[in-house]
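Engineer: Sharing a structure here in structure tokens format.
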Amino acid sequence: MRRTAGKLADGREIIYFDDTQDAPPRIAVDTRDLPVTQPLSEVRRDPLTGEWVAMAAHRQTRTYKPPADLCPLCPSTPGRPTEIPEADYDVAVFENRFPSLSVGSPEVSSTVDGMPLVARAAGHGRCEVVCFTSSHDSSFGSLSPSRVRTVVDAWADRTAALSEIPGVEQVFPFENRGEEIGVTLHHPHGQIYAYPFITPRTTQMLSVATEYFAEHGRALMGDLLASELAAETRVVATSECWVAYVPAAARWPVEVHVVPRRQVPDIAALSDVERDDFAVLYLDVLRMLDALYDRPLPYIAAWHQAPVHVGRSELWLHLEVFSVKRAADKLKYLAGSESGMEVWINDATPEQIAERLRTHN
Ligand SMILES: [Zn+2]
């Protein structure tokens with residue numbers, strides 16, 4: 001992998017990650033006349049739950065809209081500049097032009113309307129876009145194992161770099177795929193959020209894992225992985241370094257967790273062998289998911305990494321892939337129980353989901 005960093009016309013950072021050292025040099029200049037945008041992100045703490053909510057008012061008034069026929073994630077061509085100045089690339093990462101979180105957000109008062117119960121802070125963080133390929137009509141599942149490896153290296157690089165930003169507490173790489181979950185850009189890409197707080201879901205997982213560690217002296221995920229492998233019923237794929245299974249209490253109609261056999265806090269801590277091995281296993285998992293309904297499955301792939309400063313021994317890196325699709329032509333909606341109470345009702349059992357996935361392997 002070769003890494004080349006540069007700047008876009010408005011000062012945002014762009015980094016090219018190329019599969020090999022002999023890729024063409026990435027030195028193209030961004031010729032656009034882009035005004036610098038002022039991010040206005042802030043975060044507020046819900047006084048009833050303690051959970052942080054991010055607000056990004058500047059995202060409502062997006063002034064710059066690329067022409068409809070011009071994908072901003074495709075390489076630039078003469079006369080048609082995009083977010084990526086080069087004429088081609090392997091993997092490209094750049095700062096989101098309209099970020100939900102930004103280190104450039106102005107300072108704000110520490111409470112909302114002077115109410116001590118409602119804490120408030122600038123939305124300091126960073127949001128990046130990760131383009132997996134220059135090929136507009138491709139998909140993550142169609143990448144070669146060596147390209148997936150480059151993407152993993154890019155995630156690792158960004159996790160390490162974003163963890164260094166003062167105030168960042170958690171780094172979250174993810175992919176939204178498919179119109180059903182609101183994706184407007186079809187070009188294969190993911191995002192990375194660097195949050196100035198530990199997310200609600202990770203807070204909850206850390207609390208459970210910490211309690212388990214205190215009682216048993218071992219990582220919760222390690223024991224869970226051993227039990228899932230022993231039970232076998234929900235395991236859909238295994239490799240030397242990774243295990244993929246439908247979790248025993250799956251919330252989504254389709255849900256697979258991809259877990260390394262060794263405890264590491266984040267992607268940056270994965271070894272070369274683990275990164276190569278992930279590429280092969282994850283492509284297998286994506287093939288199974290797309291075969292499920294005989295059409296590309298809309299999904300969210302969410303990397304759970306340990307927070308930057310705490311829980312590094314208790315939490316265990318893993319990827320959760322899930323879909324809202326409960327049948328070829330039916331979507332699961334988050335209705336009263338899910339949205340109001342965070343109680344998931346799943347129509348299928350995890351054992352049935354695993355069985356159906358395995359038949360497509
Ligand atoms: Zn494109």
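Backbone N, Cα and C define each Cβ position, glycine as well.
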Engineer: Please state which member of H187, H189, H216 TrEMBL lists alongside C71, C74, H136 for binding Zn(2+).
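Structural biologist: That Zn(2+) site, as TrEMBL gives it, pairs C71, C74, H136 with H187.
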Engineer: Roughly how many Å lie between the Cα atoms of C74 (Zn(2+) binding site) and H189 (active site, tele-UMP-histidine intermediate), rounded to a whole value?
Structural biologist: 11
Engineer: Work out, from DSSP, the number of helix, strand and coil residues along the domain 'Galactose-1-phosphate uridyl transferase C-terminal' (210-358).
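Structural biologist: Here the numbers are 58 helix, 32 strand, 59 coil.
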Engineer: Could you tell me which of the recorded positions H136, H187, H189 have their C-beta within a distance under 6 angstroms of some atom of ligand 1?
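Structural biologist: Among the recorded positions listed, those whose Cβ sits under 6 Å from ligand 1 are H136, H187.
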Engineer: Taking the centroid of the Cβ atoms of C71, C74, H136, H187 (Zn(2+) site), which other same-chain residues have Cβ within 8 Å of it?
Structural biologist: P72, L73, T82, S134, L185, H186
Engineer: Tell me the Cβ neighbour count for C71 (Zn(2+) binding site), meaning other Cβ atoms within 10 Å of its Cβ, over all protein chains shown.
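Structural biologist: So the Cβ neighbour count for C71 (Zn(2+) binding site) comes to 17.
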Engineer: Of all the recorded positions given, H136, H187, H189, which has the fewest Cβ neighbours within 10 Å once its own Cβ is left out?
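Structural biologist: Least crowded of the recorded positions H136, H187, H189, by Cβ count within 10 Å, is H136.
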Engineer: Take the C-alpha atoms of H189 (active site, tele-UMP-histidine intermediate) and H136 (Zn(2+) binding site) and report the distance between them in angstrom, rounded.
Structural biologist: 10
